[in-house]
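Working notes, structure below.
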Amino acid sequence: MEVLNTLVLAVLATGFLMVSRRSLDAVIRLYALQNVLLALVSFGLAQGELHFVLAGLALFVLKGVAIPWYLFWLLDRLEVSHEVEGYLSVSFSLLLAGLLIALAFRVGAVFVLPEAPLPQGVPVALSLVLLGMLSMVSRKKAISQVLGFLALENGVFLLALSESHGLPLFVELGVALDAFAAVFLAGVLIFRIKGVMGHVDTARMRALRG
Amino acid sequence: MLYGLLLLPLLVFLGRRDKGALVRLSVLLPILSALLAPLLLGQMAGPFWLDGVGLFYLMLTDLLFALIALFARGYFSEEEAWRFYWAGGLFLGAAHGAYLAHNLGVLWIFVEGSTLASALLVYHKGGARALEATWKYLMLGSVGIALGLIGVILVYALLSGATLDWREARALVGSANPEGLKLAFALLLVGFGTKVGLFPLQAWLPDAHAEAPGPASALLSGTLLNVAFYALLRYTALMQAAGLFPFASGLLLAFGLLSLLAAGFFLYGQKEYKRLLAYSSMEHMGLAVFALGLGLPWLALFHTLAHSLAKTLAFLGASGILALSHAKEVGRVGGLFRSLPALGVPFVLALAALGGLPPFPLFFAEFKAVEAAMRYPLLAALYLVGLGLAFAGLLGPMTQMGFGPGRPWKAQELDLWALWLLLAVLFLLGVRPPVEVFQALEVVLWTR
């Protein structure tokens, strides 16, 4: 249990750091690390059940390796600066992140179900969801919005793990596949956005109104 | 066999990039599915099971898809046709999966899959506006549906991780913690409601529907919105099985009414007719959700059927107008009724149908909803205000485009008979609404 506690706290730390970093490379590495930690949580909960091990492995391969690799490749090909551009300063983002985490821990108590196998994971999962949303609305580069979505999605994964031993394996795999397809599609779109508009700044995409 | 039905739409990829083959496959495969589906009613295979409600939406989607695919033949050029038909095949596959799913998790996977496939439809030709619309759609749709997934997880956890299977869940849900279920339903409503286009989660909808090429808009409005609505139907039935319908009803009524009123306001001052139609989708999905909230699932089902037909007709008409006039604004299109009746008459009548005029089926549906809402006079009054707003919003463009000043054009090789076919079906449904069929579907939805 000690180990799981530490792992869950480490997951929270990666989520918090992802909001504060100013370099996209660092954010992607933190995301990869987060997935490795989540895979370990999944192994830790396994207690001999095969489907945890498989879900953890799939997570590790798909989200810990393949998606970060794809994002790095994308970033190199795009030839844009690797800096995170946002509407908020670092200190203000951190303050907001702290508030959101506090909120998640406050509300998390309501979300914890009586039979949850990992109750301490629930508020952390909610924190990741809220922090992911914060990244999505406060950042300008299309690629950092994708990273926000991915962090949010990890929150949902951790919630499934903490509340109910994870979803059935085939559902879990379907969800992961959807996430992977979404990221791939987003990558293709980002290329087109760069090609057509010459930038990847979603704040400057405002032709459609009303 | 069910797996076969699931994979059938993907055979469209056999057509490669040959437009003729793609059209034939895209028309024949859904017709084949629609013919095959009734034979598979009640069959089960793994997480898939086809019941009456699923069959209804599956056949509706297939038949509309075949019609739209045929119409699109004259709309897309040789070079760009494959994008539409390939993305369409993926989308139809995802829709099949959603209607065949008999497992809450699998349903979620296919609803998200339909979002991804339809993003390709929105994107189609690219360009700054389409890219912006697609990006918004992908991001908002994915976040919305992720919230829905939290709801799915909560339901699964509340059932003690026993099952996500539909029938088993219905049997078990009575003993689940009601407070937890309420929370889960609220999240599910926000999640799937984003995709249904409920206010205030509709931000992606007008952009996506307006920027997609015409036949794709028809698919989005006529068939895609139903996929998410279908998920809401299932979860409302689950709440009902848990004895929590009054709670679900309150939320559904509120969201439905808000969407109706918001759409009524948005319809004003819309200069582009495709955006107008998009807001009208928001209005009608709101009305369907409202009917569901009134505890009349049959009426909600009937409303989505009437809306799908009328909106497909309107968007196909709109894509015809856009192809001929190259004008997106209402003010630059006029006199359709007399200068080009083959296109103008069905299009203007589609707007009338969407505005809720008799003898079209949406009039009947709205009338029935007001009748039922009379139990709560305030609700009925707001409903009527919303209807009035929406009708007035459509009336101006309808008169301008149908009878106003404008240049006449010549029809290209578009399959305009498809519009007349839809119009005839609408008329028949309005004159003789098959209420018994929908009440039988309601029994299936509510009790099985």
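Yeah, the Cβs are placed from backbone N, Cα and C, and that goes for glycine too.
What TrEMBL annotates here:
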TRANSMEM  B:21-41  transmembrane segment
TRANSMEM  B:53-72  transmembrane segment
TRANSMEM  B:84-100  transmembrane segment
DOMAIN    B:101-384  domain 'NADH:quinone oxidoreductase/Mrp antiporter transmembrane'
TRANSMEM  B:106-123  transmembrane segment
TRANSMEM  B:135-159  transmembrane segment
TRANSMEM  B:183-204  transmembrane segment
TRANSMEM  B:216-233  transmembrane segment
TRANSMEM  B:245-269  transmembrane segment
TRANSMEM  B:276-299  transmembrane segment
TRANSMEM  B:336-356  transmembrane segment
TRANSMEM  B:376-395  transmembrane segment
TRANSMEM  B:416-435  transmembrane segment
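Counting C-beta pairs under 8 angstroms (sequence separation of 6 or more), the transmembrane segment (B:21-41) reaches the transmembrane segment (B:84-100) with 3 or more such pairs. Only residues 6 or more beyond the boundaries of the transmembrane segment (B:183-204), in the same chain, are considered here, and those with a CB under 8 A from a CB of the stretch are 111, 115, 133, 136-137, 140-141, 143-152, 154-155, 158, 224-225, 227-229, 231-232, 235, 239, 244, 247-248, 251-252, 255-256, 258-259, 261-263, 281-282, 285-286, 289. Between the transmembrane segment (B:336-356) and the transmembrane segment (B:106-123), fewer than three CB pairs separated by 6 or more residues in sequence fall under 8 Å, so the two stretches do not touch.
Segment contact holds for the transmembrane segment (B:53-72) and the transmembrane segment (B:416-435), given three or more CB pairs below 8 angstroms at sequence separation of 6 or more.
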